[in-house]
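Just below is one structure, and these are the notes that go with it.
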There are 2 protein chains.
Amino acid sequence: MIDYQEVLSRYRPTQEEENKLKIISDDIIRKINSICRSRGLRAEAVIVGSYAKGTNLRDGDLDIFIAFDRDYPEEIINTEGLHIGHAVIPNGREKYAEHPYVSGEIGGVKIDVVPCYKMSFGDKKISAVDRTLLHTEYVNGHLDEKGRDEVRLLKIFTKSIGVYGAEARTFGFSGYLCELLVIRFGSFENVIRYFSKAKGRVLIDLDERFRDPMVLIDPVDPDRNVASPVSLESLSRMKIASKMFLSSPDEGFFQIEHNGKNVQYHDRGTCIMIYSLPKPDLTDDVIYPQVYRFRSVLQKIMESHEIRVISSEIDVSDRIYVLIETPACAEERIRVHTGPPVDTDNAVDFVNSWKARDRSRGPYIVADRLYVDVFTGQRSIEDIVRQEIFNYSIGKNLDRFKKSMEIMKFNVGMKSLPVLDKFFGADVFRK
Amino acid sequence: MIDYQEVLSRYRPTQEEENKLKIISDDIIRKINSICRSRGLRAEAVIVGSYAKGTNLRDGDLDIFIAFDRDYPEEIINTEGLHIGHAVIPNGREKYAEHPYVSGEIGGVKIDVVPCYKMSFGDKKISAVDRTLLHTEYVNGHLDEKGRDEVRLLKIFTKSIGVYGAEARTFGFSGYLCELLVIRFGSFENVIRYFSKAKGRVLIDLDERFRDPMVLIDPVDPDRNVASPVSLESLSRMKIASKMFLSSPDEGFFQIEHNGKNVQYHDRGTCIMIYSLPKPDLTDDVIYPQVYRFRSVLQKIMESHEIRVISSEIDVSDRIYVLIETPACAEERIRVHTGPPVDTDNAVDFVNSWKARDRSRGPYIVADRLYVDVFTGQRSIEDIVRQEIFNYSIGKNLDRFKKSMEIMKFNVGMKSLPVLDKFFGADVFRK
């Protein structure tokens, strides 16, 4: 059996940390409210996020919203929000979500001060940030002290198996989703039991508008699926982790920090190429979709040369890395070139033009389509990618780095790289 | 422009051949009817097939049916049919279709004498052979002399592009289908124009019971699609040949005998293996389905080792040949082994068992399924096939030859083989 109290004692904030968070947050709230009064603003500070809901883990952040009356125009809350943010966080940096906000650190605690509109249940929603106020209210109204620790256990479990976080890096379970799951099913173990038995799409709420792998409707906004970021992979990981945990409960499912496991690079008799770009100074949610696109462009280039992709991996650390594994490092001598379907107007031209050209064989027909086997120049994959990457967009922030793309060919003796560690260490869970 | 009369003069039977066919068939019919009378059988001889319909090409066969009254039991028509067949064809051999029959040669003409039941339009059909009587009647009632030559042109055209014949060797257009097409569209060129414009499935008759690529309902049997043997490939070939012929009419579309074209064997940088079995003394319609099965078993074996099949070819001549082309002649060093979906009961066992075994990486999850990359023994394809062919059935007449299967590895200098000629000479049309 797992000693849940022991697990919690490792990851729940210490009394000392709680005291510090309280002192810092009380202080900031006092300052914000005082500034609002002195500037005659109808606005007040609100603590949100996991600290406000009592579901925070050790070394967490503080999220403080400045909630403005709803009749202020957007420009006012933007400029006043930044002004107040800078006033309460010395050396804070401006960031941008739905409104601009100020982010910084006080006494070792990461703090965001974000302006928003005051909301009540049933109000027409203004933005995701505004909705957060209602989430805090809802969770505090539905979780007792015991429930908060159950949420903490679920967060630790999902972190441990690599499915915690809704952002593009993970496409997993948000903190709010963990809270709603515990509210819905009553306890951490009930949630795990539920996922261990789930088959196919996980429809906790039946709502045909959503085609996501998992659906749980936001109790404060019936038009929103809280589980919509959860990818099929993350859901699969959660299902099998739940089964494995129930069949043999293991402390390993409550280990957020994994020792870098001993990954052995070895020869797979294949060609592993690593494409690397500088990492722009942008948030994960902006970078990751472009990294996925970069990978899919590389896969498309391989496909267009009939080069089979065996596997791939991505990593965003000091730089952006995409790994593509293929059977060999150059094109094969021949390539099956796919022509038009026979029903198209240019089918005859295809046949006539290829009959006059150098080729291995064909044109010939398979099913309803024309093909011809052509001789390739047996170019190296590196040459092909260096040339053809310019025919594709890999996202507005990455496109300008195409020229400085670095291409490495894996060999067993090469220096360690996170993308290679991820590739060779591929696991059911991202431990 | 094509001189159709010149084409017909090359392939229509000569006056001499017509005279010979008439003398032979009149003689056989007289003999059969005389035997029937002397044995008191209510039966009579009928000429069927393309000769009876006047749509025959040069050097064709004679098909003569003995039509029995419908109240005879099957045993009688079988034994009497064989008796009469042997009496009129000295040295005839017994063959078996729906009834047993006698096949042989007289004066250089191949002749089949086949027993069947007398049929009228609307009768409940007894067999495909019986239906043939009605086909002869229908075609003779709907084609004049000009129409018969139009059918001959269509037969020559379809033979020339390799789509003539409904049997398993070709999966193409039967003689009866050619006749019905000319009856339906009025002339050879109208048929060609129709196919040159056809897109997708060719539904000359709309009948949702049939899911074949082409549908034309038998006018003497509304439950039968005369075009059902036509494969998607044959239909595609007919469509593009029609387009090409109309865009530039060429005598080549009326050349049944193609000079073996000069096929160059060359190195494709791949591994081409040829698997060969003795050819049993059976009809094409029995052998071909088993040859297709043999090929699909070889493809399945490759697939189960994650070996990509680039292309394949079959040939039935002195022996049975199946050619399978792959990137290399041995397994790759690693193989992506597909595990169960995470939703299945054995998913956890899969993970646990592989964690204890030698492997390159994994188990890991893609979408909703588990995978593990395993090291193969890098066995040669020949070894793999020799061992694993015994796990599959390749048809009741071929299974016993598995042990004596010959396996050849292609090299540029090897002796000519029909299957290699077909492979390297692959063309839009089977010229």
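Cβ from N, Cα, C; glycine included.
According to Swiss-Prot, the residue from A:H83, A:H135 that belongs to the CTP site alongside A:S50, A:K53, A:K155, A:Y164 is A:H135. What Swiss-Prot records for the Mg(2+) site is A:D61, A:D63, and among A:D3, A:D26, A:D112 the residue it adds there is A:D112. Take the mean position of the Cβ atoms of A:D61, A:D63, A:D112, the recorded Mg(2+) site; other residues of that chain with a Cβ within 8 Å of it are A:G49, A:L62, A:I64, A:S103, A:K110, A:I111, A:V114. In this structure, the binding-site residues A:K53, A:H135, A:K155 were compared by how many other Cβ atoms lie within 10 Å of their Cβ, and the smallest count belongs to A:K53. A:D112 (Mg(2+) binding site) sits 16 Å from A:K53 (CTP binding site), taking the Cα positions as reference. Within 10 Å of the C-beta of A:D112 (Mg(2+) binding site) there are 20 other C-beta atoms, taking all protein chains into account.
Sequence-distant neighbours of A:Y164 (CTP binding site) (same chain, 6+ apart, CB under 8 A from its CB) are A:K155, A:T158, A:T170, A:G172, A:F173, A:G175, A:C178. Annotation note: A:Y164 (CTP binding site) sits in a strand segment as assigned by DSSP.
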